[in-house]
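Asks: The domain 'Major facilitator superfamily (MFS) profile' annotation in TrEMBL covers 51-464. Annotation source TrEMBL lists transmembrane segment at 117-138, 144-166, 178-200, 212-234, 287-307, 319-338, 350-371, 377-398, 410-429, 441-459.
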Amino acid sequence: MSDLPLLGSVDRSSRYDATFSRSSDGGPTLPLDGIDRPIVEKRLLRKLDLRVTFLVLVYIMNVMDRTNVAAARLRGFEEDLGMTGNQFNTLTSILYVGYLLTQAPSNMILHRMKKPSLYLSSCMITWAAITICMSAVPTYHAALILRFWLGFVEAAFFPGAIFLLSQWYKRNELGLRTALLYCGNSISNAFGALIASGILGGLDGTLGFTAWRWLFFVEGALTIMVAVSAIWIIPDFPSTPSVWLLPDEQILAKQRMKEEVEAGIEHKGKPEEKSSGFTEAVMDWRVWWLGVAFYLMNSSMSFVNFFPTLSATMGYNTTASLLLCAPPWIVGTATLFVVARHSDVTGDRFWHIVGPLLVGIAGFILAISTMNTTLRYISLFFMAQSPVAFIVSLTWVINTFSKSQSKSAAAIAIVNTMSSAGFIGSSYFWPSSWGPSYVNSYLICIFATVVSIAMLWVFKGHLSRCNDAAEAEEQVLGLPKGFRYLL
């Protein structure tokens, strides 16, 4: 990054002249005593948080466009396309096959780009166009092909957005911001159902089209409008000149990330460029261990894709069933902020993951135990707490592999890819023949959750031993306290 784009019209005779130096990437840096760091840092974080808030809107559209088939199912989607047996389950799972193929390569491409805002916005426009095409599908097989390509393109956004956050925020700031992004999932599940109920109830038969076709068309059109705005709002990397940052803010943004990297280096003098971050991630057993744990965790959360169906088991009509989906996710969103913030403050990850998963298990058990309408609805509130664990887990991944930018990008993508794969097979956990009680489905989810918790407990023990070894080495060599894994 050159001096000129960064400084713009700033007077070169100002106090910055005496303090500029060169960072390893060719851009200017500023010693910490050259600026009023607390004030500049507060201003920087405020600007970043506003842009992360917009990313939440993008994620809302991302989730809405991939889960709208669940709402469409309640208004003749299966019947109009002639689906039988488990074909709807296949239509749900095929999207995650596309996810499986794209996430890791996409993040490695994103790592090497100067303008991730253009890349992510282009992907968004493409998946919106595919969603609109879903409104015109004549057959089940056409819908199946479009759903595959929808997942193929959509897969770029979430791991890419998480990696982007990790390039701007420090470890103790990341959990809350990641939670803020992920709350788009819960908000989409809540208000997406409300929007769907309005479209399905108000546009049926308009211009001769059935309600579910209007659902895909309207939501795809909304996504395109958001995507065009995203080109100018999604932040790029700190090293990319940004018109929305003042010179001292951009310098501090780079300095903060430099400090994070230096704090995480275990072996000085080992340049990142001499090794492939993707290769390092693939060869690290911890990436695969977490990938399997996340696979099981997401398998246990497969109920998310069938939430309107589970709500409908209480016997209400389509509109009421969709409206009843909202409150559990609104509560889940509130819980997400509290848990993520407390996790950041305490530095604990494991127990802030286990807690929501145990609440989810309680919901599964309650749903198994009764067909009482009130109790089954309460069980949905408990289940909606489980996804809180996923976002804290993802923050844990970022914290663990934060010492190398390229390895972090690869690790996030691999783990998120494997977690998405959990939705492929688990879509078949919910066949119509097991309804309306879905006892077998809930039992499978309980088993997957328990095994996931056990794997994360083993991972926590490993990191604890690494921390103990680092502390012992520092005491023997008389070194200051260095990097520690968050537990």
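Backbone N, Cα and C define each Cβ position, glycine as well.
No curator has checked TrEMBL annotations; they are predicted automatically.
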Asks: For the transmembrane segment (178-200), which stretch among 212-234, 319-338, 377-398, 410-429 has the most Cβ pairs under 8 A?
Replies: 319-338
Asks: Under 8 Å, at least 3 Cβ pairs, sequence separation 6 or more: does that hold for the transmembrane segment (117-138) versus the transmembrane segment (212-234)?
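Replies: By the criterion, they touch.
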Asks: Establish whether the number of Cβ pairs under 8 Å between the transmembrane segment (144-166) and the transmembrane segment (287-307) reaches at least three, counting only pairs separated by 6 or more residues.
Replies: no
Asks: Look over the recorded stretches 212-234, 287-307, 319-338, 410-429, 441-459 and say which has the most C-beta pairs under 8 A to the transmembrane segment (377-398).
Replies: 319-338
Asks: Is the transmembrane segment (319-338) in contact with the transmembrane segment (441-459), using at least 3 Cβ pairs under 8 Å (sequence separation of 6 or more) as the test?
Replies: no
Asks: Check the domain 'Major facilitator superfamily (MFS) profile' (51-464) for me and report the mean pLDDT.
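Replies: In the predicted model, the domain 'Major facilitator superfamily (MFS) profile' (51-464) has a mean pLDDT of 85.
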